[in-house]
Ligand code: TZP
Ligand code: MG
């Protein structure tokens, strides 16, 4: 399971309707063609959808993922994740605790954002399957993002014996993805570099090339 998860995390595309310059379904289809390995539905922030519209978009995007064999993760909204029977959920430190989330989602994939060793320890103990770490670089996509930490916290986690799957997030592009990979992550998470690209397919391909290059060399 863990090896499979590490593979899934290689190129983890995250998106909501307000991150896209084109129709979200088109963006996701293009990103899949470009080689993403996992998708997270993150309908959040200014201009995001709620209620029925949010659920309908989740269902539509999930169908696209299913057809392509890409696992579908829901950000924050565990109720929605259970309702649509998503493959997993991702929570941050201001959402419910990892323990509560694990209890609700059973064996689904559980990702947790961590920023300190203490948060990492708690998340691991409470059954997180992977960590999201960032922002690695400056980002304007997340309204309440903490200051960029570079790859230092990723290195610190590995130095402290954390072998759990980790993805880096925040300001990641095709150009810097290789450096993030070299810091010890299993993969990178990206919103705007793909969602806001003129060609999401080409953007994903560019990222994938650099990720695989680092991994093999
Ligand atoms: N968490 C930390 S940074 C971030 C999230 C959700 C936003 C990443 O977006 P982008 O556009 O890839 O910088
Ligand atoms: Mg959250």
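Cβ from N, Cα, C; glycine included.
Per TrEMBL, the 4-amino-2-methyl-5-(diphosphooxymethyl)pyrimidine site holds 40, 41, 42, 43, 44, 75, 113; the candidate it also names there, chosen from 10, 22, 29, 142, is 142. Considering only the residues assigned to 4-amino-2-methyl-5-(diphosphooxymethyl)pyrimidine binding, 40, 41, 42, 43, 44, 75, 113, 142, the longest pairwise Cα distance works out to 17 Å.
Straight-line distance linking the Cα atoms of residue 142 (4-amino-2-methyl-5-(diphosphooxymethyl)pyrimidine binding site) and residue 76 (Mg(2+) binding site), rounded to a whole number, equals 14 Å. Taking the Cα atom of each, residue 113 (4-amino-2-methyl-5-(diphosphooxymethyl)pyrimidine binding site) and residue 95 (Mg(2+) binding site) are about 10 angstrom apart. Comparing residue 40 (4-amino-2-methyl-5-(diphosphooxymethyl)pyrimidine binding site) with residue 76 (Mg(2+) binding site), their Cα atoms are 10 Å apart once rounded.
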